[in-house]
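The structure appears right after this line, and notes come after that.
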Amino acid sequence: MVGSASAQDVSVGKSIHVFSALVTPPGQDGHGPPLIYNFIAGGLGGMMGDGSMHSLDTVKTRQQGAPNAVKYHGMLRAYSTIFREEGIRKGLYGGFVPAMLGSLPGTSIFFFTYEFTKRQLLQLGAPETPAYLASGFIGDFAASFIYVPSEVLKTRLQLQGRYNNPHFQSGYNYKGTFDAIKTIIRQEGWPTLFFGYKATLVRDLPFSALQLAFYERFRSAAQALEGTENLGYWEELLTGAAAGGISGVMTTPLDVIKTRIQTQSDAQQQPSQHPPHSDKAPTGAQSAHNLNSTQSKSMHTSTKAQMSGASPISASPGVARIGSESTMQALTMIYRSEGIRGLFAGVGPRFVWTSIQSSIMLFAYQNILKALTGIDEEISF
């Protein structure tokens, strides 16, 4: 039995090495963990980071989707309000299921593509920082086909909160993730799941590029200061937090545009299927669809596409509606109607979220990568 087990271990080890050789191009120095390890570590690290900070992401979504709702002004106030009125599972953690369904495969693809592209560019002699930025762009684009549909579902369920929510009129009333998928496809068509795709890429491509470029640089600086490549726990956590927080603040205006597009309503929107709510619902979410009708042009040409992805949340007075404008036009529109505060709506929770999420994700990523490499070395012996 022992001999049989040993033979099986050797066979498994050889299979891992063969597969690793197939998916691992040489790094700049001819070394580097197998890309399948980056794939596994990226997916698990992404889930840990996204899952741990989901509640703050919900707060940010409420603040950006309903900026005139006074009870959501201020991160701590919004957090406590949602917790008190709607609870944890359907309130602060609304949209958690689609978030995780997109996070695992999405971050796996991202880190696999990022590392593959980075190694190729460095091997070709590209400067390090441009290589990191380009790899971040390409990695995020490759993952976007997975995470954009999950982002649409997540954002709607975060904005909705609990089913039959008497505290906030989002206009949505899905029973859960799969009910949301069925309802969206039946009533609005499957392209709705990719609504805001351009706006999401405009936000996430720069964020991912900046995050990984900052991270690589901060980590190299920390390694130089410590005199070793093996950083301690605090150094790993701080480099990830700094990279994520800075990138998150820099891309907040782009995040505002993405959230507005995926949660605003069209002037031609059909009456909401949401049931009546109590008088406690915020007035900012109840205002009429009458703000600057010339700005309510659809991003699509068909009637169904005009309705797709647009939440029955209307644009409140003084809140700019985003249509087919370019990114710069949208930024200018928000600035003129709402000022700097409008462009950086939700920057507090976004900074906290991106800092801690990035810290946890990259810390887990590096440690899982080390663990997998250690197992590989043990099998080699």
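Backbone N, Cα and C atoms are what each Cβ position is placed from, and that goes for glycine too.
According to TrEMBL, the feature compositional bias 'Low complexity' maps to 262-272. According to TrEMBL, the compositional bias 'Polar residues' annotation covers 284-314. Residues annotated as region 'Disordered' in TrEMBL: 261-319. The repeat 'Solcar' annotation in TrEMBL covers 33-120, 130-221, 231-371. What TrEMBL records for 92-111 is transmembrane segment.
Taken together, the residues of the repeat 'Solcar' (33-120) have an average pLDDT of 90. Helix, strand and coil content of the repeat 'Solcar' (130-221), in residues and according to DSSP, is 73 helix, 0 strand, 19 coil.
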